[in-house]
Amino acid sequence: MLQEAAHGKWTVSSSDESAEENSDSEKPSTSSLLDAARDRTSGPQYPCSEARKAAYKRKASPLKLNDKSFSADIPPPVKQKTSQEGLGWCLSSSDEEPEGQEKHAHKETLKEEKCDVVKEDPLSLCKDEKLSENRKSDKYNETPSEAQDTWDLLSGENPFRFFLTKVRGIDHRYNSGALHIKDILSPLFGTLVSSAQFNYCIDVGWLVRQYPLEFRKKPLLIVHGEKRESKAELLAQARPYENISFCQAKLDIAFGTHHTKMMLLLYEEGLRVVIHTSNLIAEDWHQKTQGIWLSPLYPRLPQGSAGSDGESETNFKSDLINYLMAYNSPILKEWIDLIQEHDLSETSVYLLGSTPGRYQGTEREKWGHLRLRKLLKEYASSIPARESWPVVGQFSSIGSMGADGSKWLCSEFQESLVTAGSSVATPLKCDVPMHLVYPTVNNVRQSLEGYPAGGSLPYSIQTAQKQLWLHSYFHKWSAEVSGRSHAMPHIKTYMRSSPDFQKIAWFLVTSANLSKAAWGALEKNGTQLMIRSYELGVLFLPSAF
């Protein structure tokens, strides 16, 4: 659907939002693996959103038009030249997929899942997997960067350790300094002992193939939020791989998702943490704009050190441990212990996460947008003429904001984003400009993927029609500086910039889209914060650098 107003045309997904109040997430569908093996055009071979499934089908079976029926009055589409239009900074952005199925809120016990639950023949699964992979190999096959290029990335020339993912189909110079997942898992980064992958949408076979051959049988833990049929599909995918185990994140509040995207990589040489915005599927690492924060290599602490040793000035170590403890999973205890045994003192970013729950008192400031508010109050510098410094948000999915801005966006959420130190009174929220970057229909149509890129930009029509006021904040996607104007954003970024966009007070890359489910919403007259989903990101503040 197209929404047209003074602010242009905007892409609105037809995917239904189960609970419009909070659902902006990428909910997996529940198609059978066996049915998928019989009909490869029916959809992708991993749990994913309804919007992505629809895009997959359209790409696999495009509409064919009869030349005679095609009106001569309609000119053929022409690829328009891009120019440095509008805002002059490169914002990469969002990643959430739509939730097409309602989630039940009953509590499930966390336990390690065995891969022999499903009875399918592993040989048959492997054959189906190879068939599917062969059909996609030409399109999605990526090779790691040259060794010297990768080594240069590790040599400290990027003090922020923030990277974009490589994009197929753009000028090669724009991929200089970018990473593919195969680069991250390369032996140049360390001799892998075991790894944990936290994510939302996961293609197990594809993920295994991203590891170098010598690491493919190393222990791999997959942390996910799937239930029922989608969970069974995930377990079936992993049946051929004896080294894979699972941790199911509990989602006790309806319509929540496990949207966090993180890698924990244990090496013989130490430990590395990767926080990013990509699902573990080929499409997300192919022609989309995605973001990655890559930690330094954390060395092991001397034997006999306390678990609290090796803390950074940003408290990253304790915050990461607290985040993992929020899963309340015995399976993750091993990784918590490993983190405690390593020195994370070289970390220069702040961890900002969301975990499902209802929080009161000081617990409210541990997660979501109140966590961001606390960090900005304690560690951000005061800004001169702050009213003129806009807040910029960029994302790939939009939840329900309510009947007007006062319901959430321009009240509690914006109050968190405009916080800047504790020495000066916070300016009135309405005085601070807010720019929201979201792709238009033309952005999608002219993208490298074409219209199927819209499958990763869910915004339900039911929600959009109820919040047309939101469109006055919209700005189209443009990323000329990084050569990614035609690579649709699945990255999510938020920042506070100077009026001329030459300086920033802070910058956040995260899995959290623009939704109350991801960031949390106040309840009970502001005494309680309710969050539905798991999210994770890192905050960059000048004082930490």
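Yeah, the Cβs are placed from backbone N, Cα and C, and that goes for glycine too.
Here is what TrEMBL records for this protein:
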type: REGION; residues: 1-111; note: region 'Disordered'
type: COMPBIAS; residues: 100-111; note: compositional bias 'Basic and acidic residues'
type: ACT_SITE; residues: HIS259; note: active site, nucleophile
type: BINDING; residues: LYS261, LYS492; note: substrate binding site
type: ACT_SITE; residues: HIS490; note: active site, proton donor/acceptor
type: SITE; residues: SER515; note: site 'Interaction with DNA'
| query | Measuring Cα to Cα, how many angstrom lie between LYS261 (substrate binding site) and HIS490 (active site, proton donor/acceptor)? | reply | 12
| task | Would you count the other CB atoms within 10 A of the CB of SER515 (site 'Interaction with DNA'), including those on all shown protein chains? | result | 28
| How far is it from SER515 (site 'Interaction with DNA') to the residue listed as 'active site, nucleophile', counting Cα to Cα, in Å? | 12
| task | Would you mind reading off the Cα separation of LYS492 (substrate binding site) from the residue listed as 'active site, nucleophile', to the nearest angstrom? | result | 12
| field | Rounded to the nearest Å - Cα separation of HIS490 (active site, proton donor/acceptor) and HIS259 (active site, nucleophile) | value | 13
| query | Got a sec? Which of these recorded positions, HIS259, LYS261, HIS490, LYS492, has the most Cβ atoms within 10 Å? | reply | HIS259
